[in-house]
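Record features (Swiss-Prot):
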- 150, 171, 193, 232: S-adenosyl-L-methionine binding site (BINDING)
């Protein structure tokens with residue numbers, strides 16, 4: 001059966017109340033996203049390191065799903081009135097019912113990162129048996145290799161990582177960079193994330209790839225420094241975590257930063273140049289990667 005999907009742009013004062021009201025009046029689901037995601041104005045998502053425990057985007061979009069025959073317009077009007085909103089504008093579209101598992105799988109083919117590095121979902125055969133194949137399925141934790149920032153970090157690991165080096169992947173998400181580091185020759189690799197679900201996903205993905213990776217919440221990360229520190233997170237946490245990431249990098253060790261937009265690279269470079277001699281930024285599809293060596 002088809003579904004109705006409704007999108008409403010609102011501010012942070014009413015986003016959660018509106019989503020709750022829509023659910024109370026019959027929406028099948030209601031999600032809140034950053035209205036500026038993917039732009040220079042995007043904000044750190046819930047739970048980014050250093051941010052308040054309770055946080056929502058200043059400009060959000062509420063995305064609600066309704067059944068085919070639900071009176072979506074009436075429900076939206078009722079929910080808007082309860083939230084003190086008048087003349088609430090929204091957009092709508094029809095989503096056809098499909099085999100969502102099969103459709104999702106069809107959208108994720110193997111991804112070639114370099115001459116020797118592939119990311120391959122479990123339902124696909126490895127394109128090249130002799131290549132380095134990362135077995136990774138799309139899931140709830142960020143990081144499947146399809147995003148430019150992930151590819152930028154993977155390319156750095158593929159070309160710059162030395163055999164036997166230790167690697168810290170801060171903000172590891174699915175664990176893709178931690179796992180890739182081990183498959184590319186790292187002697188020891190640790191993934192850290194503030195999300196317990198990401199830590200679990202990292203452990204599961206490491207097991208699927210037959211590598212001995214360790215994953216921790218930030219408070220559980222053992223003391224020590226690393227040859228390579230990778231942080232593929234957003235610009236705001238990168239601003240706040242600079243001193244800590246530098247302290248975790250050995251003298252002469254290297255840092256790799258991504259998750260920032262091209263136009264944010266100069267500012268972030270100015271911050272990290274306090275501790276690192278930085279290489280020229282690399283960019284892909286409007287996203288940037290910074291790397292450098294600790295003095």
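Residue positions begin at 1 at the first shown residue.
Placement of Cβ uses the backbone N, Cα and C atoms for every residue, glycine included.
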DSSP-derived class (H/G/I helix, E/B strand, else coil) of residue 232 (S-adenosyl-L-methionine binding site): strand
All-chain count of other Cβ atoms within 10 Å of residue 193 (S-adenosyl-L-methionine binding site): 29
Collapsed DSSP category at residue 193 (S-adenosyl-L-methionine binding site): coil
